[in-house]
Amino acid sequence: MDVYGLIGNPVGHSLSPPLHAAAYDECGLDARYVTFEPAPDDAAAAIRGAGALGVAGLNVTAPFKQSAASAVATDSMAARVGAVNTIDFSGAAPRGYNTDVAGVKRAFAHHDVSLSGAQAVVVGAGGAGRAAAFALADAGATVRIANRTRAAADELAADVGGTAVGLGDLPRSLADATVLVHATTVGMDDPDTSPVSADALHDDLAVLDAVYSPVETRLLRDAAAAGATTIDGAWMLLYQGAEAFERWTGLDAPVAAMRAALRARL
C-alpha cells in the first residue's frame, strides 16, 4: 500500500483526505491518505520523518508552506513563489512543488477563460495571492496586486513583474480588468462581506474567489448579478489536488470523481 498525506496545523478541517481517497478508489489504487499535525516549528523534522517512514508524497498546508520550501529541493515555480504545497518522495531526495499555481490555471481553463493577454487584478498577497499572481503572470496576463499591507503588494508585484495598487484604487483598477482573483479570508467567517464593492464589478470580468467555505460568497453573488463569469474556490482546491495526484502517480486525475467527493462535503 502506498501512503500519502497532509501536514499542517490544524488539519482537521481539510478536505484533502476525501478528495484523494476518491481518486484512489476511482483508479483502483492500493493507497491511503493520512494527516499529520506537527508543532508549528517542526515542519522540517516532520518532512524528514515522513520520508523515513516510506510516505510516497505529502501535501503541505498552513503554516508550513514557506518552511517546506526551505526543507526540500524545489522546482523553479515553487522557488519563485517561495512556497511548497506538494512533496514527492519518489526520487533520490524529496522534491517540492506548488500545485496551487496549476490549480488557478486549470480552474480558469475549465471555465474557458483565457489568461493570455488578460488584465488581471489579485486581491491579497499572502500564500494564495502569491500562487495566483504567479499563475496569471506565467500564463501571460498583466497583473495588478491590491493588498491591505502595501509593502506586501509592492513585493509581490515586483516578483511577478506587475503593479501594486491600493485597496482604495480597486474600482478604477477593475474598470478595464478581465480577470479578478480574490485571495484573502474576507467572506469566510462573515458570508455577507466582500472585498470588492458590487458596483465595481462588470460583465467583462471572470472572478475567482479562493474562499470555498462558503462556496457561494458575497463576492461571487455580486459578480453573477453583474453578469461576470464566476469561479468558486472549490475549483482551485480540486485542481491543485488533481495536479498533486498526477505528480505522485503518473496517472490522469479522475477529476469528476474528485469533484463529486469534494462537493458532497461543501
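First residue shown is number 1, and so on along the chain.
Including glycine, each Cβ sits where the backbone N, Cα and C put it.
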Identity of the NADP(+)-site residue among A102, A151, A210 (reference: G124, A125, G126, G127, A128, G233, source: Swiss-Prot):
A210
Residue pair S16 (shikimate binding site), G233 (NADP(+) binding site) - Cα distance, angstrom, rounded:
14
Would you please pick out, from the binding-site residues S14, S16, T61, N85, the one with the fewest other Cβ atoms within 10 Å of its Cβ?
S14
Taking the residues S14, L15, S16, T61, N85, D100, Y212, which the record names as binding shikimate, find the longest CA to CA distance and state it in Å to the nearest whole number.
18
Roughly how many Å lie between the Cα atoms of Y212 (shikimate binding site) and G233 (NADP(+) binding site), rounded to a whole value?
4
To the nearest Å, how far is the Cα of L15 (shikimate binding site) from the Cα of G233 (NADP(+) binding site)?
12
Maximum Cα-Cα separation in Å among residues G124, A125, G126, G127, A128, A210, G233, which the record lists as binding NADP(+):
17
